[in-house]
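The following features are taken from TrEMBL:
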- 2-46: domain 'GDNF/GAS1' (DOMAIN)
- 88-168: domain 'GDNF/GAS1' (DOMAIN)
- 178-274: domain 'GDNF/GAS1' (DOMAIN)
- 285-318: region 'Disordered' (REGION)
- 286-299: compositional bias 'Polar residues' (COMPBIAS)
Amino acid sequence: MLANKECQVALEVLQESPLYDCRCKRGMKKELQCLQIYWSIHLGLTEGEEFYEASPYEPVTSRLTDIFRLASIFSGMDPATTSKSNHCLDAAKACNLNDNCKRLRSGYISTCSREISATEHCSRRKCHKALRQFFDRVPSEYTYRLLFCSCKDQACAERRRQTIVPSCSYEDKEKPNCLDLRNVCRTDHLCRSRLADFHANCQTSFQSPTSCPGGNYQACLGSYAGLIGFDMTPNYVDASPTSITISPWCSCKGSGNMEEECEKFLRDFTENPCLRNAIQAFGNGTDVNLSPKNPSSPITLPPKTEKSPALPDDINDSNTMYDTSVITTCTSIQEHGPKLNKSKEQSLCYSETQLTTDIMPDQKTFVDQKAGGNRHWVGQILPLVPVLLLLLLGS
């Protein structure tokens, strides 16, 4: 397409327009139409040859903690602390308590289990469609618990593996080559978008302690769930309760000189620490500990020293040291965190906090250290007054 100069110029103009930066929302009403617009621009500029493609979806800002809270409210039990040993069975019970979840789950199980003929035991196309409806329309508070429930025994792990009815939605007589499967996926705008989103949110990041981009487990798990119901549908490869291995139904046999690229693509599923950590974190009911964006706690004080901190030069030696504007500034910093510029008023707040903490913990006014020294000297002189009077009288 870039061989056409007029087309190339038109695409370069689009690249400078707001349309180039637009993104789509997963599950939106006109999702496919939005994705078609996105790829018509971006594929023309890149020719679609990248190993990893940018996600056409808006970035995820929610966290796993939001899912835990809502799951507890909706189901009446915390997914991380239920006393039952089979968390996957608990997840199915919780889904049955919600009409929408129960209806769509029953729908895809029925569709994916329905035999078509003696040679065709199900309709994969209809099965995939029913699965997409379930994962797009049912809140993740329910779907995540079915997909990522933690297991202590093989029976539980097998129930987890059977969640998507893999005999129809996942398995086939033969495994295709992974690069061929990727090429098939990229011919469909929806599948291509979900795969790009998975790579964007689950690609291993060595800069993050969680191995996930931005430390966001929720974004990775959502991208994983978004792949289910497409040619690239992933699933657990076995019913092991101790190790988690995920893979699409493909292999790298017959890759020829592309074997290295194929293995790299497959490892993004089978040996992905971000995806594995995210699944384990959800199963354990844990999330990344993030400091709040607007901390409300007081300013952290420096280590205490024996020497009292010096006051700023322009502070008067009185109990009402600060005027009203400075007091307002200090109150604002304590309530909303140190958002202000490094100013005179802010330095006064630090001095006030340090002084009241280091010198007089129970008092908020400053006490002159010299005055304390004078009182100590007077206390030593007073006992000697009677002796001096006797000496004077005797003389």
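Cβ atoms are placed via backbone N, Cα and C, with glycine included.
Here the domain 'GDNF/GAS1' (2-46) has long-range neighbours at 53-58, 136-137, 189-190, 192-193, 197, 222, 226, meaning same-chain residues at least 6 beyond its ends whose C-beta is under 8 angstroms from one of its own. DSSP places the residues of the domain 'GDNF/GAS1' (178-274) in helix, strand and coil in these numbers: 54 helix, 7 strand, 36 coil.
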